[in-house]
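Positions annotated as active site, proton donor by TrEMBL: 116. Marked as compositional bias 'Basic and acidic residues' by TrEMBL: 329-343. If you look up TrEMBL, you'll see 4-227 marked as domain 'GH16'. Feature annotation from TrEMBL assigns region 'Disordered' to 308-343.
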């Protein structure tokens, strides 16, 4: 069968699955908010540009300053989501972050959940990382790093973080890329205090792109990240109020939503994403953690791909890793040229 014939059949199969409703979006019924309803400028006000309808915002980085915004409220558990389009062309050293934190309130015992895009050289795969901290556990970072299967500077994609008392899920569009199930052994390392949502763009030339090898080049400035379709759900609280707020109803609502449960199609997509695009995992970094942290689920097929440092071990470069993977993959998987179909 020719490659063209296969791709046509593959597309028809995907269309049939969609028509039969065998997979559905976890984000079809989100309550989206305007900037004024949910967010406030954080820094670099002149580089924060709101749309006339107040439904989107552009964050700019130039040689003078970056910019950022923060949610108007803090939430005791929540769902944080936005459609994001990243800066185009050469963006090495430029970090765009979408994350939750309470560091301004609990400076020594802060909690944090991160999605950070690590800059890019045009034509190369985009890289990003997720991370979590609980109760100031910064020496025990829980980083994972990945490549994206699309160019995030060409169009908007939805990035989401779910945080409940029992689990954390990071989403890219309809693909859950990481799930952390709370275990008693994690103790205070599991984020537990109210957090706000943040989004920022800033110069991280010293570490972001290839460990700082490639720096921000301001002849390409201003660097522009665009955000729209904001969704914030959770129990809004004052973190220092004396009388605790009962958030049971809010948690029940969060856990009843589609984005709180990973169905079989999404779980298969998560497995494929992690097999193809994850290139660092703290769970396999035995240099930092001789014993894996308690929330780690060691998957033998994943572990075999990583060195003791948690990085991919095949050949030392991702190009050689991709060639090795292609030789091992079935012909029908190999023939998907841009690997866009994870679901």
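Backbone N, Cα and C atoms are what each Cβ position is placed from, and that goes for glycine too.
Per-residue pLDDT, averaged over the domain 'GH16' (4-227), rounds to 90. Residue environment of residue 116 (active site, proton donor) contains 20 other Cβ atoms, counted within 10 Å of its Cβ in all protein chains.
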